[in-house]
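TrEMBL lists 12-28 with the feature transmembrane segment. The annotation domain 'FMN hydroxy acid dehydrogenase' is assigned in TrEMBL to 40-403. Taken from TrEMBL, the feature glyoxylate binding site applies to Tyr66, Tyr172, Arg205, His298, Arg301. Residues annotated as FMN binding site in TrEMBL: Pro120, Thr121, Ala122, Thr198, Lys274, Ser296, Asp329, Ser330, Gly331, Ile332, Arg333, Gly352, Arg353. Under the heading active site, proton acceptor, TrEMBL lists His298.
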Amino acid sequence: MPTILSKVDKLYLLTIGAVGLCLIIKYYRRKRFEQKKRTSGYLECHSLDDFENLAKEILLPHRFNYFNYQVGYGCTYQTSREYFNRHLKIIPKVLTDVSEMSLQTTIFGHIYSNPIIIAPTAFHRLAHYDGEWGTAQGATNAESIYIYNWSLSTVSVNDVLKTKGPKWLHVYLSSSKALLEQCILLAEQQSFKAIVVTCDHPHERVQSIHKAAFIRATERKQDKTLKEILYTPNTNIARLKADERLDDHTPNEKLTWKEFQWLRTLTKLPIICKGILSVDDAKLALEYGADGIVVSNHGGRQVDSGLSAIECLKDIVEFVNGRCEVFVDSGIRTGTDVLKCLALGAKGVLIGRPILYGLACGGHNGVEAVLNLLKQELMYDMASCGLKRIEQINERILYKYRQ
């Protein structure tokens, strides 16, 4: 005989069904909300801190921590922010015609739309599946230079070169000579306008911390696509194999300026030495043929209690005295920061982590949004100082900048 349900049983089943339906609806609403954050959340970001906070929500912890890593207690990074905020005060200039403004600048004889440059960083597909292509496309849309990290790119150079924007090529001096020769030849045959060489990476501190976290995430099935994402097609290396390194180009404790000098002999393209913080090293960079210097503390990832790059910038600019171009990175988070760097003599500024956060938040649109935000802030501050062109910016807009 068929079972006859009582009114209580029917009510119970209806209640269970309604609760289940509510949970299902809630689940899919949350999924749609999360998807919206991943695709268009960047539209609600009004500062680089907003991009960072949204990226932290979107990315798996081990991925975000790799990008956000600061050595030790993070003192080096905090020193950078404190110097920008406490020691560099801007003097406005009122009632000046700033109706026609331009961020155009000339670097190594080439005219660029603005002095905001994407720094060389690794493993962009950790942030977004489009990876370095997305970064390159965002740079193209924002008319900014992209420094492409050939060795640690998760997208092939051929795909990246399908984007049309200006590019410089980044290499590690500790790569094999055969690989470096291959990179230089590529740069000369393609559209790269300069070579950027990282010189401040003598140890495996970052590698030793993050590879273990990545392997744990894979073993625990917390990140099923991680092995695929960490493949670097230009070098044909799967970075999460037990016998491979995340950064196989390091360490090489035997590197000296002689290797830099050898690289100089391979090309007539401008070569930029990245990682200089002292006049002594700036002097050596010039002696061994550098056309440019990036004053940088590697984003506070190499040594704790280090100097801030912005603090060292003016001394190096004064020492160089026009003999090479000087750039700066590390801790730049607003267009106001950009203005201060240019006022102290930098030819351009490099932006690292915020680009990756923008990529995480919206792919190439997020990268473009980060760059456009910095450009807009820079133009607002230039207008407040009565400046219409980049070449008008100098230290006179800073009040007692050395105090």
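A Cβ is built for glycine as well, from the same backbone N, Cα and C atoms used for every other residue.
For the domain 'FMN hydroxy acid dehydrogenase' (40-403), the model's pLDDT averages out at 91. Around Pro120 (FMN binding site), the same-chain residues at least 6 positions away in sequence with a Cβ under 8 Å from its Cβ are Ile147, Tyr148, Asn149, His170, Val196, Thr198, Lys274. The number of other CB atoms found within 10 A of the CB of Tyr66 (glyoxylate binding site), across every protein chain shown, is 22. Around Arg353 (FMN binding site), a 10 Å sphere centred on its CB holds 24 further CB atoms from the protein chains shown. Per Cα geometry, His298 is the residue among the binding-site residues Tyr66, Tyr172, His298 nearest to Gly331 (FMN binding site). Between the alpha carbons (Cα) of Tyr172 (glyoxylate binding site) and Asp329 (FMN binding site) lies a span of roughly 18 Å.
In space, His298 is the closest of the binding-site residues Tyr66, His298, Arg301 to Asp329 (FMN binding site), judged by Cα positions. Max Cα-Cα distance over the annotated FMN binders (Pro120, Thr121, Ala122, Thr198, Lys274, Ser296, Asp329, Ser330, Gly331, Ile332, Arg333, Gly352, Arg353) is 22 Å. Cβ neighbours within 10 Å of Arg301 (glyoxylate binding site), excluding its own Cβ and spanning all shown chains: 20. Sequence-distant contacts (6 or more apart, same chain, Cβ under 8 Å) of Arg333 (FMN binding site) comprise Leu48, Asp49, Arg81, Phe84, Pro354. Note: the Cα of Arg301 (glyoxylate binding site) and the Cα of Ala122 (FMN binding site) are spaced 13 Å from each other. Cα to Cα, His298 (glyoxylate binding site) and Arg353 (FMN binding site) are separated by 11 Å.
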